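First up is the structure itself, then whatever we jot down about it.
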Amino acid sequence: MQNIYLGIILAPLMGALIAGLFGRKIGRSGAHWITIIGVATAFLLSLIVLRHHVLSGAAPYNGSIYTWMIVEGIRLEVGFLVDNLTAIMMATVTFVSLMVHIYTIGYMHDDDGYQRFFSYIALFTFAMLMLVMSNNFLQLFFGWEAVGLVSYLLIGFWYKRESAIFANMKAFLVNRVGDFGFLLGIAAVLMAFNSLDYADVFAAAPLMASMTVQIIPGADWSLMTVTCILLFIGAMGKSAQVPLHVWLPDSMEGPTPISALIHAATMVTAGIFMVARMSPLFELSPTALSVVLVIGSITALFMGFLGIVQNDIKRVIAYSTLSQLGYMTVALGVSAYSAAIFHLMTHAFFKALLFLGAGSVIIAMHHEQDIRKMGGLWKYMPITWVTFLLGTLALIGTPGFAGFYSKDSIIEAVHASQIPGAGFAYFAVMLGVFVTSLYSFRLYFLVFHGKERMDHHTQEHLHETPAVVTVPLILLAIPSVVIGAMTIEPLLFGEVFKGVIMVTPEHNVLEHLAEHFHGAMNFALHGLTGLPFILVLAGFGSAWYLYMARPDVPERIRQLAAPVYDILDNKYYFDQFYQRFFARGSCETGTVLWKYVDAGLIDGLLVNGTARWVGWVAAVTRHLQSGYLYHYAFAMIIGLLILLTWFVTR
Amino acid sequence: MNFVAPDFMPVVPELFVLTMACLLLVIDVFLEQRQRYITYGVAQLTLLGAALLTLVTYAHAPVTTMFGHYIKDAMGDLLKIFIYLSSAAVFLYSRDYLRRRDLFKGEYYVLGLFGVLGMMIMVSAHSLLSVYLGLELLSLSLYALVAMDRDSPVASEAAMKYFVLGSLASGMLLYGISMIYGATGSVDLQVVSDAVARQGADNLVLVFGLVFLVVGLSFKLGAVPFHMWLPDVYQGAPTSVTLYIGSAPKLAAFALMMRVLVDGLGTLQGDWQQMLIILSVLSIALGNLVAIVQTNIKRMLAYSTISHVGFLLLGILAGSPEGYAAAMFYAIVYVLMAVGAFGMVIMLGRTGFEVENIDDFKGLNDRSPWLAFLMLVIMMSMAGVPFMAGFYAKWMVLQAVVNIGLVWLALFGVVFSVIGAFYYLRVVKCLYFDKPEQSEPIHISLDTEIAISANGLLLVALGLYPTALMTWCATALLN
């Protein structure tokens, strides 16, 4: 098996390297073939791994494949931990990545950076796999930073656009905040356990549960709480949780396939995956779990509101992604880790579908992204229309669709949970269902139905996108519909995550759910009468009324509730606040540092000073290095004498 | 008086090299200039044969012979293997250079082999006499090699300086040996060690002898302030000879330090540790600082050598098994880097043009991306960038120093390796970011190109898998 794991990692890397380094030589089709073959290989091998572990129930593999060095007993190495959690992540990542690769052929068809793009996305696949397959914190961090790097490169893919550069700088800086916390968390783990290996750390964790640490003298904090919250800060950055969410909507400056792959389906879920992987640590700190829960519910609800007022097709979906990430985080907070992973998986499929569908619309609309200038597209692009509708139904949680199973499980889990904050979280996720339904159908109606608001020229050229675009849509639509019903039982109530995800008995909310679970079919039928479905219908109804029946009403509501609208339109003023306070503050601090510290101290004293000093030393030595033999001999004798006197007079 | 024949088995590699060198001297007389490649081939075969003999008889437990003057142990054998290896690379890299410069003569190879023999004796010396014997055999070969290009005034000047200063250093060494002999009554390192253990560090004669010994050895290594010959000789000598001086002899000098200071005078560790601290601090500082202002690549590499010697000394002065292993690793890696760097300098030359200045590397990436990449690897490794062999070597010696409590010394080393990174990176800048000043294509014979590629890639491989060589060094030092 070890060779298969290695093959999964190396195939996309090879593709990325060849497409990146020899892109000019192998040409455009060479670049897409080599990367697609690499990722397809990884996908097929991942399926073998999935069968081996999840279906045949093989024991987890945990082994190191390369040790760089051992420092003070800490091993710096590359190793794989492959269990059911990893296998599911690997299959999901490689599948979505493969779809996006194929789709890109169509989407980036006329772009100059074609080879570069393929090289990046294959490299991303490699990095993401390194992240999920890691068996130690160091490699996790490597993968974490590597996916961040590729994300940064891809947001700024069109590096001549000012807004793209601004967005990638923003993503980079915000992620730095998260990664700093993450790094501190890893440092805390290293300090407490003196090991970076998952197995060692998880085995030793229960013994550390009551240990405290003094960061501020006099205040004893639980070590586990500090560690977990620091790690979670990393997850907040990567998985875009409030208040570190601001980079994700802006990341839509990148090409749409990237929004689907990195900023919806895979990379942003790395934080969720990481917390699930660290469940043995998080379970030891109810405080940390509460923090996770509250942050998640805030994100789930308040980011959903913002989706309602956006007019850019990709941004609506981006806010929807934020909100759904909030749902996953909520699931983590109530210790329903498997529900979080379940939602992660279903979300990966339907959100990738929605983004790629949006991309298909964008291609057809000649890169117009404003939904106010669309409408009535259903008759021009039937495949996109139907698949987009399926994605929307999955997202809002229509009973029977994939999203329903995962989202309803989360809601039920929150309902059953007793930990502080669960009450608020229940309210948030419940209301979130209505909001999700509202913005999703608003988007759907404005794009595909109603009056055709595009200009005449665009309208004439509207037609369905080519097969490389629509085939991935169809292939993603299938799991978006059926994957939930197929996998809910083994994932949530079966043995799949036994021994992988650890839940203490008093937190085990999924057990409550299991008591009432009688098959996927029953679950869906029961869902038809549940409160969430009523909210879904309410959302659908509101959207229909506002955007189909009476399109003049939204404008009037906006005027009536101007202050609320302003807050939403300005995204709760997060951006302005960060811009004024952190960005400008940093700039001003930077100016001060530059003027006084940099120009004065460093340039003046250290750099030029050192240069002068080096020059002086060199001049003196050059003088000594005169070329005269007797000078040299003299220096030797002097050296000898100094050493002698040193030891004799000692 | 009965003469008991010593056991010749352990010295078979030395005997082989000696025989072949003498044979080569005779063969070469009967060869015409165009058949000179036979001399070259025989020299390479000699090294190969010696390597095979050493490998076959690889010592797993130390054996002394020649009435206690000679020891064959794992450390010696390991170092010898790398001496053969780097000497073979030296012979290969310099072949085309010598041909270009009309220096393709049998003497180069004969003297080279005698030098190798000298190094082998140094590495396996078990008495102060054999230490001196090996050292002089090597030195005399080197003096002659430097002067080989008789028509070149700089080379003659360099040879003269090297000879006079070398004699001075030899004199000091010999003086030190005589004092040690006076204090202990023997030149056998085992006997010396026992006697010193009995007398302790209070015997002033011993300490005097120690100082003289350290000075003599430092001269060989090129530690400040006994380094003055190094830049002038490196620059003045034909590059093929610089390549030779800069590589394998450092391994022999390291072995010499280990034999004399650790095996012989281990009890005086407290004393020589302080001396080595002074020498290493001065070497690291001066080497790195002065290298910055050099424009001549050979001179820059000379100062870089001085700083590397300082780091090497850090490992020895730590006085712990891990320190010795780290220093040994450092010495081996250094030799691989030096062979590569000087080899690169040689290879970029052509008829009527030799690389002298750092500027001659400008835009190498446009002319030959692969060679530029190899040079990048070598420079990065010298600077100590992670995932290169040089990083691990530096790391290990610094760790050894930290473990004996000399944190300030480690910090000093780190700061100066940062300063030192400047001049290595300047070469990298020349390689990749400057426009080439020459457009002539670079011609390198296939075997040379394969060797330099292997050389560069070995540095990466050792950076990625340092533990293999490190374990070998550590186990070799244990027995």
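Note: Cβ is positioned from N, Cα and C throughout, glycine not excepted.
Now, the feature entries from TrEMBL:
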TRANSMEM  A:6-23  transmembrane segment
TRANSMEM  A:30-50  transmembrane segment
DOMAIN    A:68-118  domain 'NADH-Ubiquinone oxidoreductase (complex I) chain 5 N-terminal'
TRANSMEM  A:85-105  transmembrane segment
TRANSMEM  A:117-134  transmembrane segment
DOMAIN    A:134-419  domain 'NADH:quinone oxidoreductase/Mrp antiporter transmembrane'
TRANSMEM  A:219-237  transmembrane segment
TRANSMEM  A:258-276  transmembrane segment
TRANSMEM  A:288-309  transmembrane segment
TRANSMEM  A:316-342  transmembrane segment
TRANSMEM  A:348-365  transmembrane segment
TRANSMEM  A:377-404  transmembrane segment
TRANSMEM  A:523-547  transmembrane segment
TRANSMEM  A:629-648  transmembrane segment
Query: List, by number or range, the same-chain residues at least 6 past the transmembrane segment (A:523-547) whose CB is under 8 A from its CB atoms?
result: 396-400, 404-405, 407-408, 411, 430-431, 433-442, 444-446, 450, 485, 488, 517, 553-554, 557
Message: If we skip the immediate neighbours and take only residues 6+ beyond the ends of the transmembrane segment (A:6-23), which ones have a Cβ under 8 Å from one of its Cβ atoms?
response: 30-31, 34-39, 41-42, 45-46, 49, 65, 90, 94, 97, 115-116, 118-120, 122-123, 125-126, 129-130, 133
Task: Six or more residues out from either end of the transmembrane segment (A:30-50), which same-chain residues have a Cβ under 8 Å from its Cβ atoms?
output: 1, 4-5, 7-9, 11-16, 18-19, 23, 82, 87-88, 90-91, 93-95, 97-98, 101-102, 104-105, 114-115, 118-119, 121-122, 125, 129
Statement: Secondary structure split (DSSP) over the domain 'NADH-Ubiquinone oxidoreductase (complex I) chain 5 N-terminal' (A:68-118) reads 29 helix, 13 strand, 9 coil
